[in-house]
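Quick one: the structure is below, questions incoming.
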Amino acid sequence: MRIAVIGTGYVGLVTGACLARLGHSVICSDRSAEKISVLASGGLPIWEQGLDELLSEASSLNRIRFTTNIKSAVQESDILIICVGTPFGPNGEADLTQLWSVVKQIARHSTEKKFLVVKSTVPVGTTDEIDQWLQSVSANRNIDVIHNPEFLRQGNAIRDFFHPDRIVAGCRTDKAKHVVSDLYKDLPSPILFCDSRSSELIKYASNAFLAMKISYINMIADFSEQTGARIDVVAEGIGMDSRIGEAFLRAGIGYGGSCFPKDIMAFRAMGQKWDCPMPLLDSTVSINRLRPRRLVNKLTDELGMLKGKRIALLGLAFKPMTDDLREAPSLQISRICLEQGAAVHAYDPHVSDYPVPEVVLHRSLYDAIDSSDAVVIVTELEQLRCLDWQIVSKKLRTRLIIDGRNMFAWEEMLHIADTFDMTYISVGRPPIPASAAAGADFYKANQIRSI
Ligand code: UDX
C-alpha cells in the first residue's frame, strides 16, 4: 500500500517505520524542514528504543522517504495517516489547529480516491466534522475518513505497534474496513470496527481509566502510610482479582508525559462542552497534582529546611527509556527544591538538556550523588537496579534515600539500610530508619513481619 504519514512526531515516526516493516511504501511528511533534514540524513529527532534500526532497515529497502512537500506526499499515496499533535488548548481542550491545517491541505491536493486516517487524539465528533467539511468543499472529492487511535507507550512503542491488545477503527464504509484490515494484516490482534465517535471516545476513556487507576492506587498509598499497611502488597492483592488486573497499580509520584495529562484535561473540557461533568476525572487530576509536593514533604520531614542542602535527583524524564520531559514530575520536584534553597544535581542517561537551568546535570550517576544530603529516585532507571550501595553510602553526606517509584523491594532495602546505615523512605510503605536510629530490634521485628 502507498501510505503518507503526515506529522513525524513520536507517533508518526514510529507508525511510519512500523508500517514500512510490514511491507508498505511510506512517505513521511512534516512541515519542519529541520526535522526532515535530520531524518533524511539518517538521524533521529527523538530517542525511542529500536526505532533507529527500524528506520535504517526501511531506508535500505527504499520503503520510507521523508519530505516537507505535503502536496507530493498526498498525491503519491492512497492512504493518508494524520499524526499531528493536538496539544493543550487555552481551556484544557485539544488544540486542533495543526489537524485542520493538514485536512485543508489534503483537500487542496488530492484529486483521486483517498482514505484519510485520523490517528491524532481528537475530541468526539471531530472525524465527523472533517468528513462533513470535506463533503462541503467538494461533494465528489471522494475522501473516505477513518478514525484509528494509537495506544503506543513511549519506550515500548515498537513492541506495542506489532503486538497491540486491539486495533480500533471508526469506519463509515466497507471499503474503509478493508483498508484498515490490509494496513495491519500481519498483526495478530483483533480489530474492533465501530463508528468514529465511539473510536474517538475509546481513546480518551482508555487513557483516563489508566490515569484513574494510578491516582486511585496513589490515594490508597497515602492511606497505607497513615495506617502502616504496605501499598505494594495491597496492590498485589487487588491486582490478583482478574476483574481489576495488576497493571497500572504502581504507586509513586504520579503520571506525566505527553498523553495522560493533556488527554484528561481535554476529556474534562469535552465533558463541559457536552454538559456532562466527569467528577472522577477532576479527582484524578487533583490527586496527581499533589504527588510531587508530597514527595518533597518527605524530604523536609527528614532533613528539616532544604536551604543549603544538596539533593540528587535520579531520572528526569517522565518515565525511564525516554528523553521526554513533557509534564515530567521531576520539573515540579526540582522547582520546589530550588525554591526552598536546595542545590539540585541530577542524572538521567537520556536527558542532556533540561528546562530548569539551575539544575546541574551530571553524566555519571555517582557524580550526581556525590556529597548529597539525599538521593531522590524520580523515575525507575534501569541503571539503579545495580547501584553499588557501598559507594552510595560513602558518597552521601546524609544517608537518605527517597524512592518516589518504589523501585526497590522493601525487604531488600531493610537489609541494605541495616548494612549501610541508611534511611529509606518510599511511597505507601513504612519508612525504614537508619540502623543506628532504629536499633537491632526494629530490623529483627520487620524481618519476621516481611516473611
Ligand atoms: C500512555 C498510554 O499508556 C498509551 O496507551 C497512550 O497512547 C499514550 O499515553 P505513555 O505516556 O508513553 O503512554 O506512558 P505510560 O507507560 O502509559 O505511563 C504514563 C505515566 O504513568 C508515566 O508517568 C508512568 O510513570 C506513570 N505510571 C504508570 C505510574 O505512575 N504507575 C503505573 O502503575 C503506571
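Cβ coordinates come from backbone N, Cα and C, glycine included.
What TrEMBL records for Asp30, Lys35, Thr86, Thr121, Lys262, Arg326 is NAD(+) binding site. The substrate binding site annotation in TrEMBL covers Lys203, Phe248, Leu249, Arg250, Ala251, Gly252, Gly256, Lys319. Summarising the annotation, TrEMBL assigns active site, nucleophile to Cys259. Summarising the annotation, TrEMBL assigns domain 'UDP-glucose/GDP-mannose dehydrogenase C-terminal' to 312-410.
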Given the binding-site residues Lys203, Arg250, which one has the fewest other C-beta atoms within 10 angstroms of its C-beta?
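Output over binding-site residues Lys203, Arg250: least Cβ neighbours within 10 Å is Arg250.
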Three-state secondary structure of Thr86 (NAD(+) binding site) from DSSP?
coil
Find the one among the recorded positions Lys203, Gly252, Gly256, Cys259 whose C-alpha lies closest to that of Lys35 (NAD(+) binding site).
Cys259
On the Cα atoms of Asp30, Lys35, Thr86, Thr121, Lys262, Arg326, which are listed as binding NAD(+), what is the maximum pairwise distance in Å?
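Output for NAD(+) binders Asp30, Lys35, Thr86, Thr121, Lys262, Arg326: max Cα distance 24 Å.
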Looking only at the domain 'UDP-glucose/GDP-mannose dehydrogenase C-terminal' (312-410), what is the model's average confidence as pLDDT?
96
Please work out the number of neighbouring Cβ atoms within 10 Å of the Cβ of Phe248 (substrate binding site), leaving out its own Cβ.
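The Cβ of Phe248 (substrate binding site) has 16 Cβ neighbours within 10 Å.
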Mind checking how the domain 'UDP-glucose/GDP-mannose dehydrogenase C-terminal' (312-410) divides into helix, strand and coil residues in DSSP?
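Split by secondary structure, the domain 'UDP-glucose/GDP-mannose dehydrogenase C-terminal' (312-410) comes out as 29 helix, 18 strand, 52 coil.
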Among Thr86, Thr121, Gly256, Cys259, Lys319, which recorded positions lie by ligand 1, judged by Cβ under 6 Å to any atom?
Gly256, Cys259, Lys319
Report the member of Lys262, Arg326 (the binding-site residues) whose C-beta atom has the most other C-beta atoms within 10 angstroms.
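Most Cβ neighbours within 10 Å: Lys262.
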Within the chain of Leu249 (substrate binding site), which residues six or more apart in sequence place their C-beta under 8 angstroms from its C-beta?
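When sequence neighbours closer than 6 are ignored, Leu249 (substrate binding site) has Lys213, Ile217, Ala235, Ile238, Gly239 within Cβ distance under 8 Å.
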May I ask you to report the DSSP-based helix, strand or coil state of Lys35 (NAD(+) binding site)?
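Helix, per DSSP.
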Compute the C-alpha separation of Ala251 (substrate binding site) from Arg326 (NAD(+) binding site), stating it in Å without decimals.
20
With Gly256 (substrate binding site) as the reference Cα, tell me which of the binding-site residues Asp30, Thr121, Arg326 is the closest one.
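Nearest in space to Gly256 (substrate binding site), counting only the binding-site residues, is Arg326.
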Ala251, Cys259: which of these recorded positions has the highest Cβ count within 10 Å of its own Cβ?
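Of the recorded positions Ala251, Cys259, the most buried by Cβ count within 10 Å is Ala251.
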Taking Cα atoms as reference points, which of the recorded positions Lys203, Cys259, Lys319 is nearest to Asp30 (NAD(+) binding site)?
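Going through Lys203, Cys259, Lys319 one by one, the closest to Asp30 (NAD(+) binding site) is Cys259.
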Can you name the recorded positions among Lys203, Arg250, Cys259, Lys319 whose CA is within 10 A of the CA of Thr121 (NAD(+) binding site)?
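Candidates kept after distance check: Lys203, Cys259.
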